[in-house]
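Reading through the structure tokens given below for one structure.
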Amino acid sequence: MALAEADDGAVVFGEEQEALVLKSWAVMKKDAANLGLRFFLKVFEIAPSAKQMFSFLRDSDVPLEKNPKLKTHAMSVFVMTCEAAAQLRKAGKVTVRETTLKRLGATHLRYGVADGHFEVTGFALLETIKEALPADMWSLEMKKAWAEAYSQLVAAIKREMKPDA
């Protein structure tokens, strides 16, 4: 399944990709809090230094899996990412509110988030989704659909990662 391109060169999220994302999100949505935490624990397993980017984790003695602030943040990020993916084709673009994108861009810039951080997060997201779905639901096409949706969300955040003029 190839990604279609619009006349302006933008990548179009196709019907098949949308169907895969919607089907898998329907399975995962009811367990979003747990999956969000697993997603972040994977990020920290791959890149332990990423914990230092979160003020609420820096001086905390609470184990990550029990940290209420991490649980809340992780669920929020996971749900926003998945909902943005689910709306991508219908809206034709990332549907996170512009004010939210600006805030995300500014926050990611302030904490020095770089391409490598987005790559680790993308890998952790795909692994979390793969583990959350029944084995017969996960496929290369499913992986590509989620990877494309994540890529478009990251591109939207990066567009807002600019220093104040």
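Start at 1 and count along the chain as shown; that gives each residue its number.
Glycine is no exception: its Cβ is also placed from the backbone N, Cα and C atoms.
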* Structure fact -> Swiss-Prot record, motif 'Homodimerization', of the ranges 45-49, 55-59, 105-109, 140-144 the matching one is 45-49
* Taking 11-23, 24-36, 115-127 as the choices, which stretch does Swiss-Prot tie to motif 'Homodimerization'? -> 115-127
* **Entry from the recorded positions list LYS69, HIS73, ARG103, LYS143 having the most other CB atoms no farther than 10 A** => HIS73
* Structure fact -> Long-range Cβ list for SER55 (heme b binding site), cut-off under 8 Å, min separation 6+ in sequence, same chain only, gives none
